[in-house]
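To keep things clear, I will list the structure first and then write my remarks on it.
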Amino acid sequence: MSAKFFEESTPVAFAGQDAGPAPAFRWYDKDRLVHGRRLEDHLRFAVCYWHSLCWPGGDPFGGETFLRPWHHGTDAMAQARAKADVAFELFRLLDVPFFTFHDVDAAPEGASLAESVANLNAIADLFEAKMASAKVRLLWGTANLFTHRRYMAGAATNPDPDIFTYAAGQVRAALEVTHRLGGQNYVLWGGREGYETLLNTDLKRELDQLGRFVSLVVEHKHKIGFNGPILIEPKPKEPTKHQYDFDVATCYGFLARYDLLKDVKLNIEQNHAILAGHSFHHEVALAEALGVFGSLDVNRGDDLLGWDTDQFAMNVPELALVFHEILNRGGFTSGGLNFDAKIRRQSIDPDDLIHAHVGSMDACARAFLAAADMLDAGALTAPLDKRYEGWAGPEGRAILGGQRSLADLADRALGPGFDPQPRSGRQEYLESLVNRYV
């Protein structure tokens, strides 16, 4: 674009607690060393293309409010190139290491799949050229298999195998572009992989179709030499009444059933967790416990609303517990913190995009530093070890190691003087302890 979009022109930098009114980081000092790694390398922030650059500000009761110049015109590819110019300027101003995108975020759909793929490859060429002189890299790419009307009954789970085939072609193109751009992961989100009513749904058939589709993606990943994991993103509902990737536990069962645990991990989102009736902390902790944690879509939902509001993450105590869980198990590998979040409909100034990201990056940094302090002090890990210390002893190890039968345990329980007593869970103490850090 020839016209300047953002008022800001200087990349946002760390200024500390005395920062003035201009955009600045008060907590996010990217070069600060925490547990031997730079804060930037721990948090691995990514800006998402769709909410930041594609969303027009509409809702079910009203149309667009943002009036982005690249949303209007007669040349769709020219609009896509203009959008890319603003995107990479946003990445530069925020000084983020990563971005993410869907295929149709970046390039317009054509009259055929072949035309859509050609458009995507042309914009990928542009991305490649821009990345050659920029800091930003690709955290992950994905294909949009939920917006077009052909996918109203799903993509992989569609009753029509021709639509399954079309979706396969779309994913192949998106996966190959992700690989070409050096993407570190590839995401599959099944927004329409579910049902509206069981009256017209064959559950077993659709689950088998979904398992086969993900297996095909894994096979192609290996064929082209893509080394990153495939990530599935749990969500219980919206847009469908019930989605097959309901939550972490459901996804784990699906991956185990179709022998996909080796190659597929999970991309977990806060707003999706609360829609499933879980806390963000629960979903991350369970994914870590089951060995399927991959990455985070960091945002927040409104606890009083029953839909995906995708607000920017600002809840430091909530984030601190999540980061404590991740840091305690070694931190991110290929994953990161993707801002799957959108500014509010009334936030119509272009620089609102900058303020939103800066505020959320600072909240994440503040939470991460608190998590590191808690971990260093053993604030939560020491009480946890104490709570389960019996299982680290000889008898606990013997039980878990298969050296005791049910009869062995029953005989011991029936023995004289065997009267184990409960101990306090100390929940209130632990909650107050967390508050000392956040």
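One is the number of the first residue shown, and numbering goes on along the chain from there.
Just so it is clear, glycine is given a Cβ too, placed from its N, Cα and C backbone atoms.
Per Swiss-Prot, these features apply:
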- His102: active site (ACT_SITE)
- Asp105: active site (ACT_SITE)
- Glu233, Glu269, Asp297, Asp340: Mg(2+) 1 binding site (BINDING)
- Glu269, His272, Asp308, Asp310: Mg(2+) 2 binding site (BINDING)
Neighbour-count leader, CB within 10 A, binding-site residues: Glu233, Asp297, Asp308: Asp297
His102 (active site) versus Asp340 (Mg(2+) 1 binding site) - Cα distance in angstrom: 12
Residues within 8 Å of the Glu269, His272, Asp308, Asp310 Cβ centre (excluding the Mg(2+) 2 site residues themselves): Lys235, Gln270, Asn271, Leu275, Asp297, Asn299, Gly301, Thr309, Asp340
Chain-internal residues, separated by at least six, CB under 8 A from Glu269 (Mg(2+) 1 binding site): Glu233, Pro234, Lys235, Leu296, Asp297, Val298, Asn299, Asp340
Neighbour tally for His272 (Mg(2+) 2 binding site), based on other Cβ positions within 10 Å of its Cβ: 30
Largest tally of Cβ atoms lying within 10 Å of a Cβ, found at which of the recorded positions Asp105, Asp310, Asp340: Asp340
Neighbouring C-beta atoms (10 Å sphere around the C-beta of His102 (active site)): 21
For the Mg(2+) 1 site built from Glu233, Glu269, Asp297, Asp340, further residues of that chain with CB within 8 A of the site's CB center: Trp189, Lys235, Asn267, Ile268, Asn271, His272, Leu296, Val298, Asn299, Asn338
Candidates His272, Asp308, Asp310 (binding-site residues) with Cα within 10 Å of His102 (active site): none
Asp105 (active site) versus Asp308 (Mg(2+) 2 binding site) - Cα distance in angstrom: 19
Cα separation, Asp105 (active site) to His272 (Mg(2+) 2 binding site) (Å, whole number): 21
Distance, Asp310 (Mg(2+) 2 binding site) to Asp105 (active site) (CA atoms, angstrom): 17
